Amino acid sequence: MFVPFLIMFREGLEAALIVSLIASYLKRTQRGQWMGAVWVGVVVAAVLCLAIGIFINETTGEFPQKQQELFEGIIAVVAVCILTYMVFWMRKVSKSVKVHLEGAIDNALNSGRGQGWALVAMVFFAVAREGLESVFFLLAAFQQDVGIGAPIGAILGLVCAILVGMAIYWGGVKLHLAKFFKWTSLFILFVAAGLAAGAIRAFHEAGLWNHFQDIAFDLTDVLSTHSLLGTFLEGMFGYQEAPTVSEVSVYFIYLIPALILFFLPPRSTAGSAIAAARKINP
């Protein structure tokens, strides 16, 4: 429950901050009449992401068992890639997003005829990317946790993100965003490592990967996944009481380089600024 909550809170907060920055800039530049276009972009993006998530979730239930395992592995790999990209993209461009977002708004509203649609498209792409990141992660999370806790956590995370975003816009809440994104990003890397290990397990169950399947260690008597702590760690980090050599290897092959790159001093380059502009206004 906590992992879907945190991911949706973080992703929802990113989307809420984007909308908040757009609204503040439009208000500050006396262009508040364009807020309708902003909300059109937000709603269309949200509906599209929700529809994609529901469609994928419903159609995969009809697959035979091995195909379901294969799909779970693919979704886990996609989720790992998206989460990793999300962490390192935010690390690079968090200080320059506002500048480039305002530039993208000016470009959209100075585009002549169809400027309203240009603003709708800009907001749509900015919000839809955050939404699609969430969709693929939640699909992976829901496959690992089939209980009601994961959907409830995701909904609560999104609601909290919206409330915090509104509070930030109205000036009632001051959140140290740099620290927030830094520590949630670190947490997400451990989550992604667990998903990577889960992907190799799914590929084995689908019959695609049969190497290094010896049990690396067995902690059943020490920390079983049926215990409260074991269940918590399984849902949060993909913990397994008796993982195979391949699962442990994939976990650390992903996690160690990711942590090294994460703690390296970030580069402040024009390339980061260009990346930010492309994500906001492709």
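Every residue, even glycine, has its Cβ placed from backbone N, Cα and C.
Here the structure is a predicted model, which means the values were calculated and not measured.
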### Query
Looking at Swiss-Prot, is W170 on the same side of the membrane as L26?
yes
#### Entry: Tally of DSSP helical, extended and coil residues in the topological domain 'Periplasmic' (201-244)
15 helix, 2 strand, 27 coil
### Message
DSSP-wise, what's the residue breakdown of the topological domain 'Cytoplasmic' (23-35) into helix, strand and coil?
### Response
10 helix, 0 strand, 3 coil
### Task
Could you tell me whether the transmembrane segment (119-139) and the transmembrane segment (2-22) are in contact, taking contact to mean 3+ Cβ pairs under 8 Å with a sequence separation of 6 or more?
yes
### Query
Which stretch, 36-56, 70-90, 180-200, 245-265, tops the Cβ pairs under 8 Å count with the transmembrane segment (119-139)?
36-56
